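Residues annotated as region 'Disordered' in TrEMBL: 149-187. The compositional bias 'Low complexity' annotation in TrEMBL covers 166-185. Marked as domain 'GOST seven transmembrane' by TrEMBL: 258-502. Feature annotation from TrEMBL assigns transmembrane segment to 262-281, 293-315, 335-359, 366-384, 396-418, 446-468, 474-493.
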Amino acid sequence: MAVSERRGLGHGSPAESGQRLLLLLLLGSCSGRIHRLALTGEKRANIQLNSFGFYTNGSLEVDLSLLRLGLQEAEEKSLLVGFSLSRVRSGRVHSYSTQDFQDCPLQRNSSSFLVLFLINTKDLQVHVRKYGEQKKLFIFPGLLPDVPSEPGLPKPEPTVPRKVDSGTSTTSKPKSTPTVSQSPSGKNKELVLGLSHLNNYYNFSFHVVIGSQAEEGQYSLNFHNCNNSVPGKEHPYDITVMIREKNPDGFLSAAEMPLFKLYMVMSACFLAAGIFWVSILCRNTYSVFKIHWLMAALAFTKSISLLFHSINYYFINSQGHPIEGLAVMHYITHLLKGALLFITIALIGSGWAFIKYVLSDKEKKVFGIVIPLQVLANVAYIIIESREEGASDYGLWKEILFLVDLICCGAILFPVVWSIRHLQDASGTDGKVAVNLAKLKLFRHYYVMVICYVYFTRIIAILLRVAVPFQWQWLYQLLVEGSTLAFFVLTGYKFQPAGDNPYLQLPQEDEEDVQMEQVMTDSGFQEGLSKVNKTASGRELL
């Protein structure tokens, strides 16, 4: 059982508590950078707690307020339990597979950047071992003064930090000498923190300060219980840990700091695109269909969603917590945007209102699949954003979101392919070869556009996130939003409701009684085709 709490939810009356419990599902990435993870009956040997990008003078605070191992006292004495703090490559975190169950991360000797916090339940101490070059990475006992401690459990005795030559802090109890050991090579340094024990519960706290530019980077914090490394021999344990990260300029990670401005600018771009699109619709009322207004609604919904997202990032960075009402509005508009996006793409791809009035049975089945999957994808997105990374179901919902999103992206291609085949078959049978080939060319272009949109936002963006340095990972969001804007603009250009647009000449019910003349270019069946002497009877106008 996992419980994750976010800063800013507070306490109140029973009615308010119920409302705030509902908000736990809606307030995802908009929460402050204070994470509280409570796990009961946990059996995992390795738990990935959090990942954060730190600048110089950034701080990481960890408060292990409750740890119950659930073993006999004799077994606890030899148990390997603790935390690991490592600097990872951009866009990546350590992954512990079942194939490495005999390789306990707490027993590794590494030449790369690594800090181990080994919990010694026998001597009630926490041994801190540092590997790699860490000249300005400072480790202190306890939390920073402005963070309230967890009530109900005793804290370690007051300690006095003392720096050694490497810039590392060691601790000493008031009536004892600090324990400091250093390997002959000078690469590995060890210091000792105090550990409290009461009623089979252990607790301690510490904080880390990034002291120089050389120590900047993406850090991953993990918890390890090596006693559960062997499958079939796991023992349940309980753990409650609070984690707080902060950079000098706010509570956001290094990659998230530019997102406030980025989302604000992109919101203005989508708003401008929506206003321009509506002006086109108002100037061409004769050839406007319902799908055109749906495209306008999508652009405005996308703009509003980005606006709320931007405002939430601003309050998180400045105050450490979001405005709850704005956070809820962001998720509502996010759900609407996701549904409108795939519905609009599928309707355009099927040629609805452009080349036919009704959807075929196959196309209706596609909508019957895509719409429920989009609901599932949006639910998975909210659950991921409202869970801590260490929650037991976090990885499962992340995989569900990735898989469902790919299925939806693949499903919306089928209506486009069916429209292309329909136009290919009709081009040689109904006597309107030029018009059908022009429409065929349009839908082939649209098929390529959808492929490129999916490719850039789902594949290229992920590769970019892995390749760039930690402070430039916001380029991932820039590529996704920029590709989406380009896709919207190109789609509007291709399907604009111009009166002389040969692509949008919908066949009429009395078409056989209407005289039509086709004017073709010298190069053959190309663009620039137009129809003359065509009546407007039967056209669906809005």
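The backbone N, Cα and C atoms fix where each Cβ goes, glycine too.
All annotation found in TrEMBL is predicted automatically rather than curated by experts.
Values in this document were obtained by computation on a predicted structure and should not be read as measured data.
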- Contact call for the transmembrane segment (293-315) and the transmembrane segment (396-418): at least 3 Cβ pairs under 8 Å, seq gap 6+: no
- Item | Spatial neighbours of the transmembrane segment (446-468) far in sequence, C-beta under 8 Å, 6+ residues away | 89-92, 345, 348-349, 405-406, 409, 412-413, 416-417, 420, 475-476, 479-480, 483-484, 487, 490-491, 494
- Item | Contact call for the transmembrane segment (396-418) against the transmembrane segment (335-359), three or more Cβ pairs under 8 Å | yes
- Maximum Cβ pairs under 8 Å to the transmembrane segment (366-384) - stretch from the list 262-281, 335-359, 474-493: 335-359
- Beyond a gap of at least 6 residues from its ends, the CB atoms lying under 8 Å from the transmembrane segment (474-493) belong to 91, 255-259, 262-263, 266, 269-270, 273, 277, 280, 295, 298-299, 302, 306, 348, 446, 449, 452-453, 456-457, 460-462, 464-465, 468
